[in-house]
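**Q** Got a structure for you, questions after.
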């Protein structure tokens, strides 16, 4: 495979604001030998951040007023004069050779490359829940990345062709992003990804590169993070269908978009219908009235003729078997991606999925509330 770019063609932009000093220092160390130009932008801060960055040989640019991540990314483009720009969060640690490996994915049709995300295991249960969520996303997006475009290049670490993203990042569409009449602070990475797809370029992920990031230390903040992501997700679910992004990205992208966001709704509807179906049975077996039992045609036929097997029961059994098989296969696939402490990741991952499910439903009805970060 011919690599058309070198690491010297990359400028790494790191916004920093209110980050733990130790974590920031670890991020800086991981960037030191990547071979790229590194510029750190202090969002109304300098002090120890500037000292650490400059001790590594990096440029530090202080933005006097607090402008948020969108503002930093926008202003950073005037300091980028390389063909590629890479955005890295101040709490994200790159493995050695990450930049070089990501360069392999750029061709005439690719506008951006993301990375695989792994969560630093702090010992707190929420870190295992977060790791499980990331592995679920890996399984879902991996095949899509090979044949189509992923829905989002995670903003914690992603590389773009500078000439493609600069017009968006320096526009009011990006810096003054409005959702339902409100200025949104969220979803910068999703907006960039969607923009590249609309321009006719693919967005892919380098699943060989695992960048390590730090998670919040409470399930309350984890839930708020999922709400934040869910609100952005629903916003671009409607946008991608309405403005043709899904159509341009291809059938696989469209299927994944519909599957990911409609599945929680269908699950809720099926659960309600199943409850309506089951309740008469429970009422009967615990001494309910005959009238309620009589209204349940399936149970009535089974009581009168035990040999009767209605077509509904056959279909339900087949669907149940297929669902069970799919869950087992999906679980095994996720298990393969988990390198260590699988039991803990699965155990706390179940709780993480439950919170993710609840947050997705809640986010649908509150998706217009994007003026707060929620986890700061």
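Just so you know, glycine gets a Cβ as well, placed from its N, Cα and C.
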**Q** Using TrEMBL as the reference, determine which range in 283-310, 311-338 is annotated transmembrane segment.
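**A** Based on what TrEMBL states, transmembrane segment spans 311-338.
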**Q** Sequence-remote contacts (6 or more beyond its ends) of the transmembrane segment (345-368), Cβ cut-off under 8 Å?
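**A** Non-local partners: 125-126, 128-133, 135-136, 179-182, 219, 222-223, 226-227, 229-231, 233-235, 261, 264-265, 267-268, 331, 335, 338.
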